[in-house]
Amino acid sequence: MNTTPRPETRRGGRFRVLGRFRLLLSSLCTIALVAVAALVLPGTASADTTVSQNSTGTNNGYFYSFWSQNSGQASMTMGSGGQYSTQWNNVENFVAGKGWNPGNTSPVSYSASWNCNGNCYLSLYGWTTNPLIEYYIVENFGSYNPSTGATRLGSVNSDGSTYDLYRTQRVNQPSIQGTATFYQYWAVRQAHRTSGTITVSNIFNAWAQSGLNLGTPNYEILATEGYHSSGSSNVTVGSSSGGTTGSTTNGGTTGSTTTGGTTGGGGSCTANVTAGDQWSDRYNLNVSVSGSSNWTVTVNLHAPEVTMATWNISASYPSQYQLVAKPNGSGNNWGMTIQKNGSTTWPSFSCQAN
């Protein structure tokens, strides 16, 4: 149904005074051409960039994809970190979002406001190759259930709800490899939501147990999609392997310090924790590790709070409410964004020198 095509490559006279004028005009034209080229070169977009033409690239450390088909109007505005917003009106089909290339099985946390008039999806959306697979982990949908008419292959309980599993086939349709015939894998959440954490490995494992095998990861985005519909969205996405500037989540102003412990020690290192920016639904914590350059910091969150994003660390998630941080070569200063879910109690931190 959807695809994001490969980005296009954006592509001495009789009078001395007249000669100087021509030289000046030539220089001005050259400057203008350089400026235009700088504006249209693909691949990397800056903060607060709006796109309305099919494109892929990076924005503030995150991969982005925007694709729209034929009639209607659609646009995507990209802000700091994993934040983006979309608007669409009477589109035939469009899909846009931020994420990673290649995708992976790390947990994906997100928060969204989502307004759908008609057939729309809010999903973790991606592709693999060998085999060519288009996949959806659908968190919310509008007037049309995308699994309508498909054969249910099973279900999996994950992240507080049941996801129903389906497979459909697309014949001679657009894909990341051009027009092709390929399968779509679906996991459709029964309890709709617009924020939370997706334990991606649970879905991938459930697909595999149902005989739905994925291939080599291509891109993966937290996507807004509209089909013969209108609407808008504002989405912030994060992951343990997310963008390199995950700390720059867009929106809000600096808030007051939330309550909770500020340091954790163990071995010969200490994790010193201070408050960062705060918004109505999330807050940042800044961590400075002292005493060692080779360390492991274990962060235990208080449910229902979850990690939305991290920066300057190599992160793993033993459970939904635990984060293990290790150096990634960016030094001893790092941070994390925590989704409140109604709570503002800081997590506990413990540091162990390796």
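Just so it is clear, glycine is given a Cβ too, placed from its N, Cα and C backbone atoms.
Since we're looking at a predicted model, the values are computed, not measured.
Sequence annotations record features per position, and here TrEMBL assigns signal peptide to 1-47.
Taken from TrEMBL, the feature domain 'GH11' covers 50-238.
The active site, nucleophile annotation in TrEMBL covers Glu134. All protein chains considered, the CB of Glu134 (active site, nucleophile) has 23 other CB atoms within 10 Å. Reduced to three states, the DSSP call for Glu134 (active site, nucleophile) is strand.
Counted within 10 Å of its Cβ, the other Cβ atoms near Glu225 (active site, proton donor) come to 30, all protein chains included. The active site, proton donor feature in TrEMBL is assigned to Glu225.
The annotation region 'Disordered' is assigned in TrEMBL to 231-265.
Per TrEMBL, the feature compositional bias 'Low complexity' maps to 246-260.
The domain 'CBM2' annotation in TrEMBL covers 262-354.
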Taking every residue in the domain 'GH11' (50-238), what is their average pLDDT?
93
For the domain 'CBM2' (262-354), give the DSSP counts of helix residues, strand residues and coil residues.
0 helix, 61 strand, 32 coil
Could you round the CA separation between Glu134 (active site, nucleophile) and Glu225 (active site, proton donor) to a whole angstrom and send it over?
14
